[in-house]
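J.: Once you've had a glance at the structure underneath, I'll fire off some questions.
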Amino acid sequence: MAKNKLNKNWLHDHINDPYVKLAQKEGYRARAVYKLKEIDETEKLIKPGQIIVDLGATPGSWSQYVRNKLSGSVGGGINGTIIGLDMLPMEPIADVHFIQGDFREQEVLEQLEQVLQGRKVDLVISDMAPNLSGIAVADAARMIDLIDLAIDFTQHHMKPSGSLLVKCFNGSGYSYIVEKFRDEFKTVVQKKPKASRDKSSEIFLLGKTLKNPL
């Protein structure tokens, strides 16, 4: 009974969420787009001509936003390159190169290199999150693993002057993640966008300029 009530409350909040309504109106696949939008508007992350990788891209709202920011002249197309990576499938988005699979696997990396053609990435964005169990220690370990994967990806594929934006949770293990970012990046910024739900502990970390690029 309690679970049904919880589900009904979530559904009510979701339906009446202004960001859900705005996403539907503006044609975005998820309300999460407004978290990236706010961070981008304050930090000026996305610029014409950039190569941008979206880790954990599905369902695609972040890639949609990046695509809109990089859209070119009236003739169509974009001024830049967008690559979405996810283990789950994603409906196609115009001008977005989507690769389904685990980016630790050689086959996926080969597909990535076919798109990059030796070029380095300007910006890596990640809305990846683990499946939460409710056990703080286990959930923190899963979150740290994802952050480590994102950092390792930037070390191998991003320009030294590039930036990494990741989602994490302000709880067990968060201080470790912040210190990890400070070890890896010259500038670290913590962001809590207005679109993050009040009850959510999610917070975004932005690292700018690698300290020790490979």
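Residue numbering: from 1, along the chain as shown.
Even glycines carry a Cβ here, placed using N, Cα and C.
As the structure is a computational prediction, the values presented were derived from the model and not from experiment.
Sharing the record's features from Swiss-Prot:
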ACT_SITE  K167  active site, proton acceptor
BINDING   G60, W62, D86, D102, D127  S-adenosyl-L-methionine binding site
J.: Among the binding-site residues listed here, G60, W62, whose Cβ has the fewest other Cβ atoms inside 10 Å?
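T.: Comparing Cβ neighbour counts within 10 Å for the binding-site residues G60, W62 gives G60.
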J.: Can you check which residue among the binding-site residues D86, D102 has the largest number of Cβ atoms within 10 Å of its own?
T.: D86
J.: Looking only at DSSP and grouping its letters into three states, which state does W62 (S-adenosyl-L-methionine binding site) belong to?
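T.: Assignment for W62 (S-adenosyl-L-methionine binding site) reads helix.
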J.: So how far apart do the S-adenosyl-L-methionine binders G60, W62, D86, D102, D127 get, largest Cα to Cα in Å?
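T.: For the residues that bind S-adenosyl-L-methionine, the greatest Cα distance is 19 Å.
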J.: How big is the Cα-to-Cα gap, in Å, between D102 (S-adenosyl-L-methionine binding site) and the residue listed as 'active site, proton acceptor'?
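T.: The separation of the Cα atoms works out to 18 Å.
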J.: Provide the number of Cβ atoms within 10 Å of the Cβ of the residue listed as 'active site, proton acceptor', excluding the reference atom itself.
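T.: There are 23 of them.
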J.: Distance check, please: Cα of the residue listed as 'active site, proton acceptor' against Cα of D86 (S-adenosyl-L-methionine binding site), rounded to an integer number of angstrom.
T.: 15
J.: What same-chain residues, at least 6 away in sequence, bring their CB to under 8 Å of the CB of D127 (S-adenosyl-L-methionine binding site)?
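T.: Listed in sequence order, they are A32, K35, L36, D54, L55, G56, W62, K167.
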